[in-house]
Amino acid sequence: MAAALVRRFCRGSSFPVSGHGYRMLSTVENVSESGKSMNLYSAINQALHIALETDPRSYVFGEDVGFGGVFRCTTGLAERFGKSRVFNTPLCEQGIVGFGIGLAAMGNRVIAEIQFADYIFPAFDQIVNEAAKFRYRSGNQFNCGGLTIRAPYGAVGHGGHYHSQSPEAFFCHVPGIKVVIPRSPREAKGLLLSSIRDPNPVVFFEPKWLYRQAVEDVPEDDYMIPLSEAEVMREGSDITLVGWGAQLTIMEQACLDAENEGISCELIDLKTLIPWDKEIVETSVRKTGRLLISHEAPVTGGFGAEIAATIVERCFLRLEAPVSRVCGLDTPFPLVFEPFYMPTKNKILDAIRSTVNY
C-alpha cells in the first residue's frame, strides 16, 4: 500500500514557474480587456482549474470537494481532472493537512480544503509543528512548500460561533508559513495562484461573505499577484486605515462617509498578513499621522495589535493620535447578536472622527 502511494504521488521536488505562460500582475495594474464578470467563488474555481491544468502534479482534496464543495468552489474539477487528482476525504482535518504535508514533501502541489476555518483547529498541530517547521528541522533537505490550505472564514450573517470565526491571528504567530486573505474576485484568483506556486506552505483564508456578493471583471488568463505587497485602495491625507478580506468593504463605506465630513482617509489592503508589508503602511502613517485597524476577529490578541505595535515602534514621533482598533468583541461569535459583535461602518466612522479630533 505504502509503495503504491509513493509510486502514485512522487513526482520530483522542483517547482518550475517560468515558461508556463504565467504573468505577474502588479497590485495596481488594470484588468485586461479579456476580463469576464464573475464573483469570488467563480474566481477561486477558475484558479483551481488553471492550477490543475498547468501542473500534472497538483491535487485538490477535502470534505465534499469531489461534489463541488459546500460553496461550489471545486465545481467541475473532479469531472475534468479525474478522481485520482480531485477527491473527497473523511471528516478529519488533521488527516487532510497531514496527508497534504506528505504529498507536498514528495514534490507535488497540494491544495487541501478545510470546509470552514472554524474547524481548522484540529489540524493546528499539523500546520504549526509539521508544515511550518519541516524545512527548518531538516536543514533544508526536505520541505512541504507545495502545500496550500484553503479555508472559508469570517461572518456570513447566520453562521453562529461554529461557522463565522476569523482565526487568522493564530497562524500569524508561526514562522515558516504564509497567511493570505483576498478582498475581491480578481485578487482571489491571482493571490491563490501565487500561493499555490509559492515555495512555502500557505494558509489561504477566503471571506465566505464575499463568495457571491463580490462581483467584478477578472482576467480569464493565468496570472499571479505578488504576495506580501499591500495595496493602497484609496489615497488620503488625514488618517490611514488598514484591513483585509471582507472587512475592507465596510471600511471603504466608512471612508466615503468620512469624506463627506471633510476627512480624507487612506485605505490599505494588506492581502498577505505574514509576512506583511510594513513599509507601505509606515509610509502612509508618516504622511497622515494617524492609524486605524479593523478586523472581524476579537480585538484582544488580534493581528491588529501586531500592526499597531510595529507602527508605534517605527512612527512614534509622527503619530498625532493613539492607534485605533475597531474589531470584533471579546466574546464567542454570537448568532442572534452578530450585528452587535461585528465592526460595523458606524463603529469605524466613530473611530475615524475620534482619532482625527484627538
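Here the Cβ of each residue, glycine as well, is placed from N, Cα and C on the backbone.
Features as listed in Swiss-Prot:
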BINDING   Tyr119  thiamine diphosphate binding site
BINDING   Gly145, Leu147, Thr148, Asp198, Asn200  K(+) binding site
TRANSIT   1-16  transit peptide
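Structural mapping of features recorded in Swiss-Prot.
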{"residue": "Tyr119", "record": "thiamine diphosphate binding site", "Cβ within 10 Å": "18"}
{"residue": "Gly145", "record": "K(+) binding site", "Cβ within 10 Å": "23"}
{"residue": "Leu147", "record": "K(+) binding site", "Cβ within 10 Å": "30"}
{"residue": "Thr148", "record": "K(+) binding site", "Cβ within 10 Å": "29"}
{"residue": "Asp198", "record": "K(+) binding site", "Cβ within 10 Å": "20"}
{"residue": "Asn200", "record": "K(+) binding site", "Cβ within 10 Å": "18"}
Environment of Gly145, Leu147, Thr148, Asp198, Asn200, the listed K(+) site - residues of the same chain whose CB lies within 8 A of the CB centroid: Ala104, Cys144, Gly146, Ile177, Lys178, Ser195, Ile196, Pro199, Pro201, Val202
Distance from Tyr119 (thiamine diphosphate binding site) back to Gly145 (K(+) binding site), taken between C-alpha atoms, in Å: 22
Thr148 (K(+) binding site) - helix vs strand vs coil (DSSP): strand
Separation of alpha carbons, the residue listed as 'thiamine diphosphate binding site' and Asn200 (K(+) binding site) (Å): 22
Cα-Cα distance linking the residue listed as 'thiamine diphosphate binding site' and Leu147 (K(+) binding site), given in Å to the nearest integer: 18
C-alpha spacing of Thr148 (K(+) binding site) relative to the residue listed as 'thiamine diphosphate binding site', in angstrom: 16
